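Features reported for this protein in Swiss-Prot:
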| type | residues | note |
| --- | --- | --- |
| MOD_RES | S13 | phosphoserine |
| COMPBIAS | 18-31 | compositional bias 'Basic residues' |
| CROSSLNK | K39 | SUMO2 cross-link |
| MOD_RES | K136 | N6-acetyllysine |
| CROSSLNK | K224 | SUMO2 cross-link |
| CROSSLNK | K226 | SUMO2 cross-link |
| MOD_RES | H245 | tele-methylhistidine |
| MOD_RES | K286 | N6-acetyllysine |
| CROSSLNK | K286 | SUMO2 cross-link |
| MOD_RES | K294 | N6-acetyllysine |
| CROSSLNK | K294 | SUMO1 cross-link |
| MOD_RES | S304 | phosphoserine |
| MOD_RES | K366 | N6-acetyllysine |
| CROSSLNK | K366 | SUMO2 cross-link |
| MOD_RES | K373 | N6-acetyllysine |
| CROSSLNK | K386 | SUMO2 cross-link |
| CROSSLNK | K393 | SUMO2 cross-link |
| CROSSLNK | K399 | SUMO2 cross-link |
Amino acid sequence: MSHRKFSAPRHGSLGFLPRKRSSRHRGKVKSFPKDDPSKPVHLTAFLGYKAGMTHIVREVDRPGSKVNKKEVVEAVTIVETPPMVVVGIVGYVETPRGLRTFKTVFAEHISDECKRRFYKNWHKSKKKAFTKYCKKWQDDTGKKQLEKDFNSMKKYCQVIRIIAHTQMRLLPLRQKKAHLMEIQVNGGTVAEKLDWARERLEQQVPVNQVFGQDEMIDVIGVTKGKGYKGVTSRWHTKKLPRKTHRGLRKVACIGAWHPARVAFSVARAGQKGYHHRTEINKKIYKIGQGYLIKDGKLIKNNASTDYDLSDKSINPLGGFVHYGEVTNDFIMLKGCVVGTKKRVLTLRKSLLVQTKRRALEKIDLKFIDTTSKFGHGRFQTMEEKKAFMGPLKKDRIAKEEGA
């Protein structure tokens, strides 16, 4: 038989070539939302860290649909988003060949976790980054120069972006080096943007000032790495029949005799995962507050709802597996997102104008699951577990030893 008697589309997309390891660990924003001067000044992106997944119960609000007013169970991802610190302002001018940086101004005080980003080995370095630059803010000549820079930015720039970094010390991670990124400022005139950014130099910006409840956002990140994989796993090609000589997880024909080369479009073994990807339209189900102290008491009930009044935090019993406890502000997104736990994710405002009913649907959570994610969790809170288990032997022994 000289040819197959049927045709089939190729396996795997060529739109994501080359399938190699990403050169950057933090997701890069390749385009920011279009600016609208009629809106108030706001940021367009934020950085967060993937903590893990859980599930929720909510009531669907979709009049006319069969599922309207019915309860549904949905998977959600928790992304921890501690406030970001603004440390710089960048002005861009539009040229025939695209945007060009015009001026960059850094803040007077920059924390060590941000300075670490400018060194390969912080321990062995002199730690002198920005020491000369920061003196500009102290003498008269430097202050005049900075004022001149700000005025020229107001005059010539069309795009204003801030430089902001994450606060690693607030997270349950070993890493001390902060992630640094430029975030575009949209809304208002250039002068208003610059004044807004200047007011917030060295200040913290919380996530609830960037995103809102029920908003659709895009998540940019690097996927979970899988290492070197064969064609069946990497391209999802069909397995060959059982009796095939020299293996069946292969491609039977890798091309014609001539041209005497293998085409780039033929599925081959190689790197799978750790690719840079942008996923659009992830709905925010909840923007949660971190732990806070009120009247001398630690308040943790950020997973309570109007229907589930139990005093519980978003953390499952034992914490999120391979992450730890979420103690800062967090965002709850519908479904899954790219990357492993602890992976830094870039959250960006949607580039599209959302008009679909599903995108504009109001989310009313009834219940957030906080059972242990390590094994078959049964209990929502520690109190519930203690009430069911009764006094344990180890507790009795500890009590006797104490007495």
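Backbone N, Cα and C atoms are what each Cβ position is placed from, and that goes for glycine too.
Sequence features, as recorded in Swiss-Prot, placed on the structure.
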residue: K39; record: SUMO2 cross-link; DSSP (3 states): coil
residue: K136; record: N6-acetyllysine; DSSP (3 states): helix
residue: K224; record: SUMO2 cross-link; DSSP (3 states): coil
residue: K286; record: N6-acetyllysine; DSSP (3 states): strand
residue: K294; record: N6-acetyllysine; DSSP (3 states): strand
residue: S304; record: phosphoserine; DSSP (3 states): coil
residue: K366; record: N6-acetyllysine; DSSP (3 states): strand
residue: K393; record: SUMO2 cross-link; DSSP (3 states): helix
residue: K399; record: SUMO2 cross-link; DSSP (3 states): helix
Using Cβ atoms and a strict cutoff of less than 8 Å, what residues sit near the compositional bias 'Basic residues' (18-31) while being 6 or more residues removed from its termini?
45, 47, 179, 181, 184, 219-222, 225, 234, 270-272, 274-276, 278, 344-346, 348, 351
Ranked by the number of other Cβ atoms within 10 Å of their own Cβ, which of the recorded positions K286, K294, K386 ranks first?
K286
Fewest Cβ neighbours within 10 Å, where candidates are the recorded positions K39, K136, K226, K373:
K39
Would you count the other CB atoms within 10 A of the CB of S13 (phosphoserine), including those on all shown protein chains?
9
Report the nearest neighbour of K294 (N6-acetyllysine) in space among the recorded positions K39, K373, K386, comparing Cα positions.
K386
Could you say whether, by DSSP, S13 (phosphoserine) belongs to a helix, a strand or a coil region?
coil
Closest to K286 (N6-acetyllysine): which of the recorded positions K136, K226, H245, K373, going by Cα position?
K373
Tell me, how many other CB atoms lie within 10 A of the CB of H245 (tele-methylhistidine), whichever protein chain they belong to?
6
What is the nearest of the recorded positions S13, K39, K226, S304, K399 to K386 (SUMO2 cross-link), using the Cα of each?
K399
Using DSSP and collapsing to three states, where does H245 (tele-methylhistidine) fall: helix, strand or coil?
coil
